[in-house]
Amino acid sequence: MIRFEKVSKTYPGQSHSALDTVSVDIEKGEFVFLVGASGSGKSTFLRLILRESQATDGRVHVAGKDLNRLAGWKVPRLRRQIGTVFQDFRLLQNKTVAENVAFALQVIGKSRSDIERLVPETLELVGLSEKSERMPDELSGGEQQRVAIARAFVNRPMILIADEPTGNLDPTTSLGIMKLLDRINRTGTTVIMATHDAGIVDQMRKRVIELADGKVVRDEARGAYGYEN
Amino acid sequence: MQMTYVFTELKQGLRRNVSMHLAVVLTLFVSLTLVGLGALLKFQADHAEEHFGKINQVVVWLCNDASKASTCTGKVSPAQKAAIIKVVESNPEAKGYHVESQQTAYDKTKRLFGQQYQTKLPADFGPDDLRESVWIDLKDRHKAAGIMSAVQGLDGVDSIRDSRGLVGPIFKILDRMQIGSLLTAGILLMAALLLVANTIRLTAYARRREIGIMRLVGAGTLYIMLPFLLEALITAVAGVALAAIALTSFEYFAIIRGVSDLRLMPWVDWTDLRMAVTAAAILGPILTVAPTLLLTRKYLKV
């Protein structure tokens, strides 16, 4: 599903690489935690998958496509296969919960009937059916993140990228979000989650890829947040 | 493609930046009106040139019985005329020439000045009161000194009229007005371009969250750009419409109901106006849509 082949990325004007000859294979349906200190290269890793930036060296393959060779006009089509969730939710404050979720479908040209079917279905999945007409500022942090997940998943993407989705949430709420991501993963969606939350990584026992100074320093199948002695 | 979002955004965009859009519309209106006026002045210059004859002409008046010049001893003789024409033909500054007889000059005077003017002339006014002439076309309107000095002083030459001196000031005024209006229009069009650029930057900033989400969920570039393009097109249409109204009013009030009574020369008409408005109608959308396309590609890069 995702393959990094000796990928390096150096941003213009920077002397050291954000990613340094990284090689990683992520299979379809996997759940992967991406861990590492701030500045270790996690965000760059995610940006390369989304084709928000391009590798300086090496090859990035996503959903069977070589992103180095992907024409600019084909990028939107690639992104329709990837859902993205952020720490700060990024909801549109002037739209209701349902409208926020529907927005992701409207702007890629889905039909009204598809939208009317998929939005309630997805809100049901994230447990927000009752709050579909609420505005984002009427919701708790955990609920807002659920809306963000619903928006990312409503188009049934093959890959879900979550960049510190529990960063702003308390432990109990974070657990609820993780359960939701796990449920989405069990539908066959590949989930890649960048996090600093040791408790969650240790509890979930999924694959862990650790980055340090742009290099992969650990890749464990059922890993913990830190090294286990 | 779902257009609901595009039209909602368009409506919001127009409302959000109403003062900026008004500034663009007004600047476009004034600059396109000036472009249109520049075009009308060009057409007016064409009409004037057609009417007054070519600007690059020198007329040599030959002696008649009433001539008092020192080179005249009565009406020009065939031999003198042949000598003058020979000088004209051999001069490198002359492109061509034609001779206008006394009769032709008389007919032309009657036609040009009309019946009313003729009644003020003596009853026995006839072709013999006018002079035969040689109309010389110049190769270069700026070079006539050589031929004028070559002909000046020849026997049978009464006087020389430099058409450039007669018609020149009219063209000079028209040329300057045209340059002035086009220069002002150029500066204003630049202002319009900068205003459009600012509007796009502000709108892109105000909508950065929506645009960011659209990019992430895979909305196409055209779909993201469409509200911006439509906004640009609407301001252009408004600017063009106002300019068209202004130019039409100018044609009607200043020309048709104004100077056209002065039968000095043919004035710009509705056909000319149509062409000037067409120029503004083409230029307006180009001026707003082109920078929008360029800048949205920059700010909304997928």
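Note that Cβ sites are derived from N, Cα and C of the backbone, with glycine treated the same way.
Note that TrEMBL annotation is computational and uncurated.
Annotation source TrEMBL lists domain 'FtsX extracellular' at B:57-160. The domain 'FtsX extracellular' (B:57-160) scores a mean pLDDT of 85 in the predicted structure.
What TrEMBL records for B:185-298 is domain 'ABC3 transporter permease C-terminal'.
Look at TrEMBL and you will find B:20-41 (among others) tagged as transmembrane segment. For the transmembrane segment (B:20-41), same-chain residues at least 6 beyond its ends with a Cβ under 8 Å from one of its own Cβ atoms are 14, 174, 177-178, 181-182, 184-185, 188-189, 191-192, 195-196, 198-199, 202, 231, 234-236, 238-240, 242-244, 246-247, 250-251, 268, 272-273, 275-277, 279-280, 283-284, 287-288.
Tertiary neighbourhood of the transmembrane segment (B:179-200): same-chain residues 17, 20-21, 23-24, 27-28, 30-32, 34-35, 37-38, 41, 228, 231-232, 235, 239, 283, 287-288, 291-292, 295-296, 299, selected by CB-CB distance under 8 Å and a gap of 6+ residues from either end. The transmembrane segment feature in TrEMBL is assigned to B:179-200 (among others).
Tertiary neighbourhood of the transmembrane segment (B:212-230): same-chain residues 1, 6, 9-10, 13, 200, 203-204, 289, 292-293, 296-297, 300, 302, selected by CB-CB distance under 8 Å and a gap of 6+ residues from either end. The transmembrane segment annotation in TrEMBL covers B:212-230 (among others).
Long-range Cβ contacts of the transmembrane segment (B:237-255) within its own chain (Cβ-Cβ under 8 Å, at least 6 residues beyond either end) map to 24-29, 32-33, 35-37, 40, 192, 267-270, 273, 276-277, 280-281, 284-285, 288. Sequence annotations record features per position, and here TrEMBL assigns transmembrane segment to B:237-255 (among others).
If you look up TrEMBL, you'll see B:275-296 (among others) marked as transmembrane segment.
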May I have the DSSP-based helix, strand and coil counts for the residues of the domain 'FtsX extracellular' (B:57-160)? 40 helix, 23 strand, 41 coil
In the same chain, who gets a Cβ under 8 Å from the transmembrane segment (B:275-296) while lying at least 6 residues past its ends? 24, 28, 32-33, 35-37, 39-40, 43, 189, 192-193, 196-197, 200-201, 204, 224-225, 228-229, 231-233, 235-237, 239-240, 243-244, 247-248
Can you break down the domain 'ABC3 transporter permease C-terminal' (B:185-298) into helix, strand and coil residue counts using DSSP? 100 helix, 0 strand, 14 coil
